[in-house]
Amino acid sequence: MAKRAAAAAGPVGDDFSFVSPVAKYVLFFFNLLFWMISMAMVAVGVYARLLKHAEAAMACLAVDPAVLLILVGVLTFLITFCGCVGSLRENICLLQTFSVCLTVIFLLQLAAGVLGFVFSDKARGKVSEIINGAIVHYRDDLDLQNLIDFGQKEFSCCGGVSYKDWSQNMYFNCTATNPSRERCSVPFSCCLHDASQAVINTMCGHGMQARGYLEASAFIHTNGCIDKLVNWAHSNLFLLGGITLGLALPQLVGIVLAQLLINQIRDQIKLQLYNQQHRADPWY
């Protein structure tokens, strides 16, 4: 009955559209914001990369924060480009690409969280492997060095499992054959800092690996960063949950808006075909 009534009434006016301007432009500006953020990320990553010395830049690409920033920025740029152009031009192909990419990323994040919780021991081992790799390349990359120093200061820790993990670094290695002046030392970020001390003693960690835990604990943090990181995570579950929700919510909003807009565009195409058929009808 509805179809007969619509046919009797003739084609709908050309000014009518199923596509909601609200959904269209909300999705466009949503993607435009993250598109600009992604360009800033790529620019900062490239700038940080170019500032490094050539030998240091090639030392350890896998743990280079600048490379990670560039990769995330490029991926975000491509995805949000599809969202921006697809919503503005009402292109179903681009919108589907945008929606599928966001869905895959969301599912990967969800799977990583579940697997990390279920296989916590293996996840802990992987984190330990990453930290040990960062310790090995501590002097090779200035960004990595600053990141490790920040983490050790923030969590009041030293090394992965203990302060003696720094022996994995060629400069801090505690073997007798090591000619480095920093032999058996730890970075100054491991040191206990006095609030009243105006000038930081960057040599405060000299020779600490050669001392026992009790003796070294008077000068540096002897506990490893892995245990401190795990304890911090257990103590801040609500904060981590809020951060996770904050990352997931924009993705879900983007997926819902993209699917809504795709359905509206398809309805609009059907309406246009319907109007064209009735205009071609000699009895209309």
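Every residue gets a Cβ built from N, Cα and C, even glycine.
In TrEMBL this protein carries:
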DISULFID  C157-C190  disulfide bond
DISULFID  C158-C174  disulfide bond
TRANSMEM  25-48  transmembrane segment
TRANSMEM  60-88  transmembrane segment
TRANSMEM  94-119  transmembrane segment
TRANSMEM  237-262  transmembrane segment
Cβ-Cβ neighbours of C190 (disulfide bond) (radius 10 Å): 25
Rounded to the nearest Å - Cα separation of C157 (disulfide bond) and C174 (disulfide bond): 19
Least Cβ-crowded entry, counting other Cβ within 10 Å, from the disulfide-bonded residues listed as C157, C158, C174: C174
